[in-house]
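Reading through the structure tokens given below for one structure.
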Amino acid sequence: MIKKLINNFWPAIVITLVIFTFHIRLFFPHSSIYITPDYGRSDSWHFSIANKFYYAQELKKNRVPIWNPHIGMGFPTLAEGQTAIFFLPNLILFRVLPFVWAYNLTLVLSFITAGFGIYMFCRSLGLSKIAATYAGTIFPLGGFFVFHVQHHNLLQTASLMPWLFWTTNEFLVKKKVIFLLALSFILSQQIFAGFPQLTFYSLVALVTFFLLKIYSQKVKKIKLTLLLTFFILLGLALSSIQTFPTYELLKISNRENDPQKILTQFPYKSKNLLQFLDPFLLGSPKDASYPNWVPGKWGIYWESLAYVGIFPLALALSTIFLLFKKGVKNRYNALIFVSITVLSILLSLGKSSPLHPIYSIPLFSIFRVPSRFLLIAQFAIIMLASITLARFSRKKLVQFIIFLLSLANLFYVFLLYNPVGTSSQWFAETDSTKMIKNDVPRRILSIGNFEQWNNFLTSTGWNEKDYYDFARNNLGQNSNLIFNIDQLGAFESLPSKRNSLFYSIVMNGIKKDASEFKIASSSARLLSSANVSHLVSTLYINQNEFEKVGETEKYKDYSFKIYRNLYNHQKVFMTSKYTIARSIDELLGELSNSNFNSNSEIILESKPTETNLTLNNWEAKIVSESPNKVEIKTKTEGKGFLFLAESYYPGWEAFIDDSRTKIYPANITSQAIIIPEGDHQVIFRFKPKSLLYGITLTTISVFLLSIILLNYPFKKMSFK
């Protein structure tokens, strides 16, 4: 019985064991996390881990985290998408497991999912078990995956791409609707995984494969194409609960869609193609020998790699000879993947490619880093290598030796590339956290760490791993979430224009002067209106408005200083004083006016519906607060504005004694409503219509998919 199971499932066992062995440092000898640094921060620590930490906390409270009040002045977590809220493995594992276990298992599961997916696709094309297993181990251990371990959602999205190819090919072979239904479901999950650029690139590659595949078949090509299109659209509709809120955010975000910036900000040069031969040929960020990123001139290391090893590359190149031999098995499939390899590499080259005008086309024009097409190149190269390996079917020993040498190559090159830190150490409270919490914080702002971090990264790489542990004291966005402290900064891919403007005005007023920071009065007032009570700084601040309350121990000559903002700061207050600024210039003028008091006056953008406001005495107290709801009790003599330091964003509603009232944008990114005289109960609630519309379409799509599944799952269709 056991022998039979092993005989049937040895490929799955091998793929799983190899991948777990590669990531063994996460589990043994201590529970650990990948802490790979990036420019200015670690995408692993400051983004992936931090956002998933908040996500896990909310799930364990039986709440769906559609809004996060702890970064920026509140941010639409669901709409931004990269937390991957509705991705099924996340929903299950982060709800039931301790955080570090859930995070590491979902990360490793991405590698396994990618391995199983390409294995199934190889088998669908008729390749042998050994060739398919080869693909299932080499593909997820290639450069694109290994160099992106800090990008949790990117890996989860990439891992599902091979399954799209498997479902499509299975349908073309067996003509059964069940595979198109699977395509729709997997596509929706890929969208839920939270990296839409790779979903789009996956569809570009999938459609290319599909069209080339049916080109050689005597079938009704238009009917087949329309059917595939319908089920792709069904997959998109299934994910509406995610895509509708994301589209709403995209419309008001500061995301660049200038084709020139898309092509030049993160360039992939022809010289980078040498990294297919050796990933460290041009240097490595690990020891700071790789050239620094220069926007428009030189790209980022981890966005420039699809190294799969010398042996798979040699096998893939030798596949070209199959193209000149008629009657050879998988000759046409080899031609397809040669075409996809060439196409994906050309698209990766961005501005250096003759295909660069394509990035002026919508969808192509909204995604940065064209070199992420290297995922497709890596996939196609491994498919070519597996097709060649399958030709050695009578030489099992040769296959086995190539298999072992290929794995040994990748383990030798990649195993120790990404640094790890023990979870007990990294999740322990920092000195700065203790100091801030002892001083009753409202919201913090971290300044200066970006430059200091980059000095270490570009001079030592991550050889001085202790520095990055020390740098946790900065509590930079979004690592503040791990320590339950609110932060004015927000590290997100789609910041709103309002929040970006507010943050840029604040930061433009903070200047480095020798060994100190000088903070303009306009920035200090804005910080106060944003309820910022403390600053965490790499340099000293010698100003009367800020009082030093602590300093961390030094790492070499570096320390983090904690300052209390002495301006009155509060999340809610009432006032009858307001000014109107209809342009950014007028706004900056009001902020620079020394008579402007951010705690007793607000700046609006249009004339309010009621202008005769007089307010003598007032009381406003928050009585309950959750991520999506703030309840306030007010008591006033006269009529005036109630100001709430929470992001002005579509979907927020305000009610006074259960009657809805208008919300005004105030001080760029906060909210204000007019409160009548007397005692009142006020509720601010986040309930976006985009989410309700998305839920409706997702529900309809699930219903439609269920009807098809129940009535036509195994129906064989004819296209001749």
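Using the three backbone atoms N, Cα and C, a Cβ is placed for every residue, glycine included.
Bear in mind that TrEMBL entries carry predicted annotations, made automatically and left uncurated.
Annotation source TrEMBL lists transmembrane segment at 9-28, 100-119, 131-149, 191-212, 224-244, 305-324, 331-349, 369-390, 397-417, 691-712.
Remote same-chain residues near the transmembrane segment (331-349) are listed as 125, 205, 208-209, 212-213, 216, 268-270, 273, 316, 319-320, 322-323, 325, 355-356, 358, 370-374, 376-377, 379-381, 383-384, 387 (criterion: CB distance under 8 Å, separation of at least six residues from the stretch ends). With respect to Cβ pairs under 8 Å, the transmembrane segment (369-390) is most closely packed against 131-149, considering the stretches 100-119, 131-149, 191-212, 397-417, 691-712.
Taking pairs at least six residues apart, the transmembrane segment (131-149) and the transmembrane segment (691-712) share fewer than three Cβ pairs below 8 Å and do not count as touching. Counting Cβ pairs under 8 Å that are 6 or more residues apart, the transmembrane segment (305-324) and the transmembrane segment (397-417) reach 3 or more and are in contact.
Contact counts against the transmembrane segment (224-244), taken as Cβ pairs under 8 Å, peak for 691-712 among the stretches 9-28, 397-417, 691-712. Packing against the transmembrane segment (9-28) from elsewhere in the chain are residues 34, 104, 107-108, 111-112, 115-116, 119, 129, 132-133, 136-137, 140-141, 407, 411, 414-415, 420: each is 6 or more residues past its ends and has a CB under 8 Å from a CB in it. If you look at the transmembrane segment (691-712), the same-chain residues 6 or more away from its ends with a CB under 8 A from one of its CBs are 66, 78, 177-178, 181, 184-185, 234, 237-245, 651.
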